[in-house]
Every structure is written in C-alpha cells, then in structure tokens.
Amino acid sequence: MSLDRRAFLGRTATMTGAAMLPSFASAADTIKLGSILDTSGIFDAYGKPMDMAMRLAVDEINASGGLLSKQVEVSGYDTQSDMALYSQYAQQLTRQDRVDVVHGGILSASREAIRQTMRKTKTLYFYNVLYEGGVCDRNIFINGVTPAQQVEALVPYAMKKAGKKVYILAADYNYGQITARWIQKFVADNGGETVGLDFFPLDVSDFGSTIAKIQTAAPDLVIAPLVGGAHLSFFRQWAAAGMKDRIPLASTTLGVGNEQLVLTPEEGNGIMVAYNYSQQLDTPANAAFKASWLAAFGDNSNIHETAVSTYQGVMTWAKAVEMAGSLDRDSIIDALETGISIEGPGGKVTVDPKTHHAVLDVHLMEFEDQRMKVIETLPQRQPIDTQSVCDLATSPNDNTQYEIQI
Amino acid sequence: MDLSIVILVEMLYAVASLVLISAGLAVVFGMMKVINLAHGEFMMMGGYATITAVNLGANVFVAMLVVAPITVGLIGLVVERLVIRHLYGRLVDTMLATWGLSLFFIGVATMIFGNTTTGISTPIPGFSVGDYQINGYNFFIILVAIALVVGMLVILKSTRAGLIARGTMQRSDIAAALGYSPDRIYMATFFCGSALSGLAGAVLAPLVGLVPTSGGAYIAKAFITVIAGGPSLVAGLLSSAGLFGLVNQIFTFAISPVIGDVALLVAAVVLLRLLPQGVTGKFFKGKL
C-alpha cells in the first residue's frame, strides 16, 4: 500500500475524528469526576493511596448501578508534586474536560492554587485532607480534621496521662504555627502551662540541642506537630537519647502518612495521636472497606488518614448527587447543606452547613508495635476553629482563608 | 554543671558532624578541584546502603563502616571512569555534569527504594549525665570524626601513597614525568572521596529519616565548610568545621535552631569577606 502525505493526513484526520466521536456521544451518559493528586514525586506517599481510594469509591458506586443511572467516569491527573501543574490541570479539568466535580489537592498550597479556578468555573470542589482550617468558600467542601478538632481531643487526654507542663515543637509554616496556637490555648484551658515553644523549618533534621533544651525546661509532656521526613529524625533522636520513657510524646501529624511503620516499635510505642482513622478501628464499615481495598489492590497496608478522607469525600458527594437528583452544582450544594451524613471507615461524617467542613469522629490512639491502637472515640466533633470565623449561611459569597485568632 | 557537659557534647557533636559531612567533598573538591554537586547524593546512597545491609541481616557497625563506604566508593569509581575523568580541569563543566548525576541518583534511589521515609534506629542507647539524658550515638559520631581526621593526616603525611596523591594534585605533569600515572591516581583519589561521603551518609543515617532527596540538606553545609576552610585539606576542614559548629550550637542553644543555621551562614559570609582564600589561606599556611 502506498501512502502519500495527503492521504496520510486525510486518514489521520478521519481516524482522530472517529476516535473523538464516542466521547462526544457519551458525554451525556456518564458523570465525570475530576481528580487531581500527586501520585508521583515527593508527596506520593500521600497521593498514591488517595488516588487508589478515589478509584475504589468510584468502582463501588459504579458496581451498585452508578449515580442517577449513569456511570461515573474518572478524569485523573498526576501533578507530580509540582505546584505549577495544579493550576494547569485545573484549567484542563474545568475548561476542556468539563468535569462535574473535582476531588483532590494535597498540600494547602495546592488547594489554594486551584480553589479560585473551581470557583470561577462553578465546578464543585472537594478537598479531602486534614489541614490548618479557616477556608470559607461556598464552592468547596472539606472533610479532613482541622487543628481544633484534633487538638481539642488530644491535649486533655495527653495532659491527663502525663502532666500539666507542656513543651511544643512545631513545623515552621502556617500549619505548624496555627496548630501550635491551638495547642497553647487548649493547654491553658485545661489548667496547664506551656513551658517552651520551638519552630523548625522543614529541612531541620538535627534535634540534639533541642532535646537538651527540652530537658532544661523539664516538661511533663512534649507535643510535636512536626511535618515530613526530616522532622521524623526528632522521634528517632528522642528515643536514642533515652527520653522516650521519661517524658511522653504526642503528635498531630505523625501517622498521617503511615509513619508508624517507619519508626521501630521501640521508637514509636506510646506516642499519642488523634485522627479520624486508624486501620485498627474495629467497626463493620472499616472491616468492609479494608476487605474491598484488599480485593481491589492486593495489599491494604498503605491505607492512611487522607486516603480514607478521600473515600469519604467521594461517598459524601455521591450521596448528595442522588439526593439532588441532578448534576447541577447549586442543587448539589443545597443537598450537601441539608447536613447529610455518611457512615465511612473512620466513622460517621456529617457536612457542617455553616462552614462546609465536616463533623467527624475523632479517635484517640497510641502507637503500639507499629500500629495505631484506638484508645477512645470522641463522636461527632465540630470544626469549632473554622466555625468561629466562617458562616456561609449568612454570607454565601465569602471567599477567604481566615487566619483564626485565638 | 550537668548542662554545661551536655552543651559541650552537643558542640563537639556539631563539629564532628560537619567534619564528616565535608570530608569527602574536601578530597574531591579541595584536592581534585572537581565541584561535586552530587556529594549529597553520595551520602544519601551511603545511608541506603547501610539500611539495606542491616535489613539483609548485617551487623549495623559493619554496614556503616565497611559496606557503605565500599559500595559508594565503587559507585564513585564507575562515575569517575564514565564521566568525571573527561572533565578534569574544567571546573564549571564538572558542576553541570555532577548536578545531572545528582538528579540521576535521586531518580534511581526513588525507583529502587520508593519515595517514602526509611531508617534504622541508633545502635547505642542513651545515657544520663546528672539530670540529663544524652544520645549515646553522639559519642560514636565524635569518635568516627576523630578517627577520620587522624587517618587522613597519617595517610597524606606519612605514607608514600599520600605523598604521590598530594604531588599529583599539585603538578600532575611532574608526577607523570616521574613515572606515575595521574589518571590512576585521580581515579584512586576519587574513590577515596566517594567512600568518605558514603561513610558520612552511613554514620548519620540512624539519626535521620532517609528519603532519596535527603542529600540536598547536606550539600550547602559541606561546600561552605570546605570553601571557608581554604587550601589546606585537614587544617582547613578542622578550623572551619570547628568555627561553624561552635557558632551554630551557641545560637541554637541561646535562641533557636533556625537562628543557629542563620548564624552559621552569616559567619560564613563574614569569614569569606575577611578571608577570601579561606581560613588556611591566611593561618596555618603550608600545613596539611
């Protein structure tokens, strides 16, 4: 067969056109869910399980007949842990793919990079990660725990166990600073005293002098909202100095990326944390979730907090779509604002209509042999930090991330 | 009293870790004038070599002191044969090439070990000084650093191999005229430099959470220490590491770790303004 340039172009054009046709034809028959996550690069420890959770949720929805008798189709983009790609793919999702909803974003920086695009194009957006709180925007729904939800539960528990004098070590960016402020507040509220507060840039990995300083202050308890691989050194050096059995530790971040598997039992045992999810949660919903994850991916050891949040986010959205009976953004928001709940692997998740954050179960846990043993469950904690600054019922046009003053 | 002992140990430890971090670079950059931007990645590979060996059942000290330096030294050897040897005397080109290498090694490490934090725990328990607990591993690092400096001095000063290496670094043409092959000597020296980097990464590995990008945390401090040290290899290393370690720890204790790092950088800038040739450009002249 001979093929000249003109014929080649002609055929290619026909084929491309033909290839594009079905997608046009089927556009009305499927619901498009956009996903934007770092599934490669330095944040992939968070992003990969989140992507798996999102796909698992969509598969389950489709297996049970889809939504509004349509199948849900995923348009997923890997942002490669590069903030610049977020804005690019957000444009692609909203203007080219014209998806019905977007789930995703991991760091607060990535969320802020795409939030305005979602708002402008009137694309409903779900951010499924624990974060520093304060976002007030009618177009976004957030179902991770905020510092107040976590700290309000963790501090009294840890102080009761350890004592009244608290030393805080926090990561030096907005999450750490805001969380440290909440810790100070709850320490004072519970009749305790903050005897020291240090902030660390994310690349600090040598905590020797800090450990000596802590001993000078002689606290009863150390609370450490430290973030990332370099900061993990603190827990290791703390144990190496033999401090672990002298002063108890609590953290608001350790374990979110399954860090309990990296620390040895000797280093980790006894560290107190509080989250919405632990693999050790003994509920039927969690057992079913872990079983279907195992069936879908062959290994369920990588399930973590933000993966479960993502799963719960997709399920909340699905319930709202069924309730609204349409894909219209405003009807779905109205449905969500009735305060709907789902029963997720981490417990009951209820949408808070005022803030579009979530009312969640917070579980107090302790590390035990590389697992997070659940000590106590505090049901349905309100996002009181964001509630103190944000009321979308009275000001639906609000579009700010508040710095919450305490 | 107890506190001053603790502070003293922490200061010695800070100096020792700077010496460790910089020793490999001092050989590769200070002696051979190769700007090795992949120095941090050599350290990172030393860390991974240790962790892998320990997970395979090796004794942790064997893994740190034998397996890691040899592994990284061999990797350095391959790198030298394939890339660096074509670039001797071309300072800027080595920078570009080794930067590429550093990206390559990060990529390879990510592929093999994944992008998650790994680590091993320290093999030495902590112990108490009065009311304080100290990380026992600090003493091990101080000991390794002392052994390293003494070893470098002895080899460079009192062995024939050290003499030949120093001679070749100064005038490779004369060394060649005297019948030594500069090509081989460069190769051996690069092997030693890489092995030292691997050793540093290995010894520091139990203190940190290791990720493929960990090397980036060391590279700046290593270059600052080596450049501020000046032309003398060992004396320069010791004087600048001592100075920066002290400054860093004093400010860390007095204020915070952030200010400690700031003080280190400020000290480096001031030092290079006053002594552009480094400490040993003015003091300890002609010393090793």
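The backbone N, Cα and C atoms fix where each Cβ goes, and this holds for glycine too.
According to TrEMBL, the protein has these features:
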type: TRANSMEM; residues: B:12-36; note: transmembrane segment
type: TRANSMEM; residues: B:56-79; note: transmembrane segment
type: TRANSMEM; residues: B:91-114; note: transmembrane segment
type: TRANSMEM; residues: B:134-156; note: transmembrane segment
type: TRANSMEM; residues: B:185-211; note: transmembrane segment
type: TRANSMEM; residues: B:217-238; note: transmembrane segment
type: TRANSMEM; residues: B:250-275; note: transmembrane segment
Out of B:12-36, B:56-79, B:134-156, B:250-275, which stretch has the largest tally of CB pairs under 8 angstroms to the transmembrane segment (B:217-238)?
B:12-36
Highest-contact recorded stretch vs the transmembrane segment (B:185-211), from B:12-36, B:56-79, B:91-114, B:134-156, CB pairs under 8 Å:
B:56-79
Taking the transmembrane segment (B:134-156) as the reference, which of B:12-36, B:56-79, B:91-114, B:250-275 gives the largest number of Cβ pairs under 8 angstroms?
B:12-36
Counting CB pairs under 8 Å, which listed stretch among B:56-79, B:91-114, B:250-275 touches the transmembrane segment (B:12-36) the most?
B:91-114
Checking distant contacts: for the transmembrane segment (B:250-275), what same-chain residues at least six beyond its ends satisfy Cβ-Cβ under 8 A?
7, 10-11, 221, 224, 227-228, 230, 240, 243-244, 281-282
